[in-house]
Amino acid sequence: MDSLSTAKLLASVLLLASLCVRAEVDDVPLSPYYYDGTCPLAELIVKQTVEAVVYRDPRMAASLLRLHFHDCFVLGCDASVLLDDTDGIVSEKNAGPNKNSLRGFEVIDLIKGLLEAACPSTVSCADILAMAARDAVHLRGGPTWKVYLGRKDSLKASLSEANKMIPAPNFTLDMLISNFQSHGLDVVDLVSLSGSHTIGRSRCVSFKGRIYGQDPVEPFEAYDHHRRYADFFRSLRSVCPPTGRDGVLVPLDSKTSRRFDNQYYRNLIRGHALLQSDDELASAAYAEEEAIARLVWAYAQDQRLFFRHYVSSIIKMGTINVLTGGEGEVRKNCRYVNAYYH
């Protein structure tokens with residue numbers, strides 16, 4: 001692509017972004033200053049704890065970010081994902097996308113314990129998830145932002161919704177668009193939030209079907225005229241055999257897996273997307289789908305643009321179906337509703 005074409009492409013994407021209707025956080029009764037009077041050290045406690053944990057285990061940054069996503073995409077950002085099995089509650093931790101995969105629960109327990117000691121029954125588990133995700137991204141070199149606070153914690157969980165509403169690694173583009181729209185998120189949110197895959201790892205079982213031609217999509221050999229996939233898939237096959245080793249972890253970003261940057265989008269353009277759902281973003285070709293591919297190109301060339309859109313989108317995501325006022329509670333223990341102790 002020559003420089004003139006690139007400039008035109010970037011201009012069209014910027015126009016697209018400016019035309020997209022962005023959600024206003026002011027529409028939701030949350031505030032970055034919610035705890036200023038009741039627990040002024042809340043954000044500092046979360047930040048310092050996340051720093052200490054990620055220093056010991058760099059992978060935990062991606063894990064904490066993923067917890068926030070998996071929470072918000074099921075029932076809303078209400079900490080339902082943290083609930084354990086009890087009488088009347090079937091934990092979302094047992095859902096297909098979460099079981100033996102989601103981690104970081106002990107970190108949230110640690111933060112909650114420190115906050116309960118400092119400010120009893122004040123800071124919600126849902127707000128802890130939102131703050132921890134922000135701090136995890138920033139620690140890996142990504143942007144930071146003001147977290148809008150004041151969420152309450154859910155009194156229920158939904159295993160069925162967790163199995164249905166969390167995007168799967170083999171989703172098609174149409175499925176991704178529909179899923180995000182069901183949460184009030186648009187195509188800019190879809191492409192920018194997918195950039196979370198610039199950090200973290202995925203299990204072999206999540207993409208084996210793709211590299212061995214078992215997924216219900218066109219085998220990559222049929223359209224890999226420029227060998228964009230062949231060498232990359234060969235390297236993946238050396239790590240993930242057809243049978244066994246399902247739990248082996250492979251970086252979602254093969255180049256800078258521990259740094260939150262725009263390398264993920266460059267990988268997509270080169271055909272080095274680990275998951276089928278990621279590859280779909282760069283393979284789009286028609287109407288609204290073409291706009292998605294253009295955003296991928298724009299983010300690959302302009303990290304600041306990616307960061308700006310990412311911040312806007314994750315703040316927006318953090319307002320999905322939030323509980324406020326008397327709609328929920330502030331759990332004393334993030335794993336159980338307060339009534340469990342009575």
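Cβ atoms here come from the backbone N, Cα and C positions, even for glycine.
Among CYS39, CYS72, the cysteine that TrEMBL records as disulfide-bonded to CYS77 is CYS72. Among CYS119, CYS125, the cysteine that TrEMBL records as disulfide-bonded to CYS39 is CYS119. Looking up CYS334 in TrEMBL gives a disulphide bond whose other cysteine, out of CYS125, CYS204, is CYS125.
Annotation in TrEMBL places CYS204 in a disulphide bond whose other cysteine, of CYS20, CYS240, is CYS240. A 10 Å cutoff on Cβ-Cβ distances gives HIS197 (heme b binding site) a total of 24 other Cβ atoms nearby, all chains included. When the binding-site residues SER80, THR198, THR256 are compared by the number of other CB atoms within 10 angstroms of each CB, THR256 has the fewest. Ranked by CA distance from ASP261 (Ca(2+) 2 binding site), the recorded positions ARG66, ASP71, ASP78, SER80, HIS197 have HIS197 at the top as the closest. HIS70 (active site, proton acceptor) has GLY76 nearby among the binding-site residues GLY76, HIS197, THR198, counting only those with a Cα within 10 angstroms of its own Cα.
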